Amino acid sequence: MGIKGLTKFIADAAPNAIKEIKIENLMGRVVAIDASMSLYQFIIAIRDSEQYGNLTNESGETTSHISGLMSRSIKLMENGLKPIYVFDGAPPELKGSELEKRGEKRQKAEELLKKAKEEGNLEEIKKQSGRTVRVTRKQNEEAKKLLTLMGIPVVEAPCEAESQCAFLTKYNLAHATATEDADALVFGTKILIRNLNANASSANQNKNKNSSKRGYILTEINLEQVLKGLNLSMNEFIDFCILCGCDYCDTIKGIGSKTAYNLIKEYNSIEKIIENIDKNKYQVPSNFRFVEARDSFINPKVLPKEEVKIDWCEPKIEELKNFLIKDYNFNEVRVTNYINRLLKARKVTTQRRLDNFFTACTKKSTKLVIEESQSQSKTQKEAKSKRKGKKRDAPNDGAAKLNSKQSKKTKVEKEPKREKKDEEAPNGEAHNGDNNEDEETPGMGARDPFDTDDEEDNPSPNFFHQKSDSESGNVKKEKTEQEGNATTAGDVYNYPNGKDTAGSNTHLSSNSTLHSCNNVGSEKAPNEGMHTVGSSAPEAGTNHVGINHVGTNHVGINHVGTNHVGTNHVGSGDLFPPNVADCANNNADKAQPEMKKKNMLFLLPYCPKNVTNVKKRKSVQRC
């Protein structure tokens, strides 16, 4: 049974719905297989090489179907598939006329076969032998017994095997339907697999020149993509297939797949097509039972989900040996080899199914992977450009736009290596260092985790803390204590010559970090060798301007909004003293050279009378 010309039409009109796959792509999947179609293939393919007759045992009974079914099932399981074989039940009444036509064709083929044997024409014998093949009820029962002894599930459909397979995919009991009949799509199977045979894997892997001619390329057709590509609803697709030609009713003469598609697109249903087409050009059959055919596709006779029993059982080894060796005269060595492969294949199927379960959750489409790769590459390039000193605009604080000038790179003498020294934070926790890089700062860009250019990305140790073992994880931060208490919200970073003390009434937001840096050495700077946190820092809502780090021109971490410049967090609103912008503009380009390599801008809310830069020894006057 099938739909005339459907596969070729889909390949032309909806190419994205059809793709060639490897048998490994079905690893861990449950596949519902049309058993009658498989047996038909085995009986045709496995024949005596001399007279193209069926393989038989000593009693003359055909064994081609048993040999083929056992071999293919083991091969599929070795590749990680879990097959379910579905057998045909009684044929539907609508198919009666089609079965009569098939009987007439078979009778004619038998006459031609007899004539070819008399003439000794081997080519004609081979051709007509395939046309006379018929799967008997006895062969079906033998196949069911073999599968049961192998521990493979068997489902007996009340009517058509294709429709039952399709509904197993609808019940989510199977991933796909494996059959050569395209009408499984019309019954609603989600995925249709064609050419699922023991040679498919080798054809896909080796791609030898004869594989495609022999039809060994494994093909997958996706129903959702078919409907999307054809731009049809499911009901329109069913009517389109009926017009193309099915086994349930006759067709309108003169209408092929292309004409049928155009008519469905224009009129949407067979009823409207019959009303509007030219009756002289297109001959509608007098007994055109398209309504019944449509109902057979939409509401086929199938087992409901609760009545479907799929049992994966352990193989019955002794009974299987007796069935093959005693009843059908299979070679004992060959049978032993098959059984050993079967037992190993069952383990492979279980293991690969579990692997597939875990990997399926993280699998990404090719398109998504490409987009992420391009985005990541773009981010890396932008980050490197910023680190190399390209001009950037500082965020606007609401009063004036802050700009930093590019200065020439100057060589800086290396500072003496700092000693590792732990100091206890105000909250009782000691931290040797943390970059506090939990969030990206728009002002300076995120650190590229994939970049290994240490010379560019690691400035002089005079300006950044030494890293400790704790930097590999997130450092725990406590919330700010009540206003008026000493600063407890930030982390303290230890430097060899610096020491931090917190003044009274100093307020930090919960994200603030107190950086202790090397002493600058200004004569008039208070507490030489130490940095103090100014008291009574002005407040703006919950945003606080306080900590003046004179040593390295750090403006005490101002968390306002989400905009950040360097390590100074600047947001919107007039939240700084009037002299902040002027001070920043006057002194921005006098920042230390190593910091300017990173294109950082530092703001000084309170300018000391005389502050001397580390290397240039130039004074910065009060704003």
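Cβ coordinates are placed from backbone N, Cα and C, and glycine is handled just like the others.
Averaged across the region 'N-domain' (1-106), the predicted model reaches a pLDDT of 86. Look at Swiss-Prot and you will find 1-106 tagged as region 'N-domain'.
The Mg(2+) 1 binding site annotation in Swiss-Prot covers ASP34, ASP88, GLU160, GLU162. ASP88 (Mg(2+) 1 binding site) falls outside any helix or strand according to DSSP and counts as coil.
Summarising the annotation, Swiss-Prot assigns region 'I-domain' to 124-267.
Other C-beta atoms found within 10 angstroms of the C-beta of ASP183 (Mg(2+) 2 binding site) number 22, with every protein chain shown included. Summarising the annotation, Swiss-Prot assigns Mg(2+) 2 binding site to ASP181, ASP183, ASP247.
Sequence annotations record features per position, and here Swiss-Prot assigns region 'Interaction with PCNA' to 350-358 based on sequence analysis.
The region 'Disordered' annotation in Swiss-Prot covers 368-517.
According to Swiss-Prot, the compositional bias 'Polar residues' annotation covers 502-517.
Sequence-distant contacts (6 or more apart, same chain, Cβ under 8 Å) of ASP88 (Mg(2+) 1 binding site) comprise ALA35, SER36, ASN140, ALA157, CYS159, GLU160, ALA161.
Between the alpha carbons (Cα) of ASP247 (Mg(2+) 2 binding site) and GLU162 (Mg(2+) 1 binding site) lies a span of roughly 13 Å. When the Cα atoms are compared, ASP183 (Mg(2+) 2 binding site) and GLU162 (Mg(2+) 1 binding site) turn out to be 8 Å apart. Here the C-alpha separation of ASP34 (Mg(2+) 1 binding site) and ASP181 (Mg(2+) 2 binding site) works out to 9 Å. Of all Cβ atoms in the protein chains displayed, 23 besides its own lie within 10 Å of the Cβ of ASP181 (Mg(2+) 2 binding site). Most Cβ neighbours within 10 Å among the binding-site residues GLU160, ASP247: this distinction goes to GLU160.
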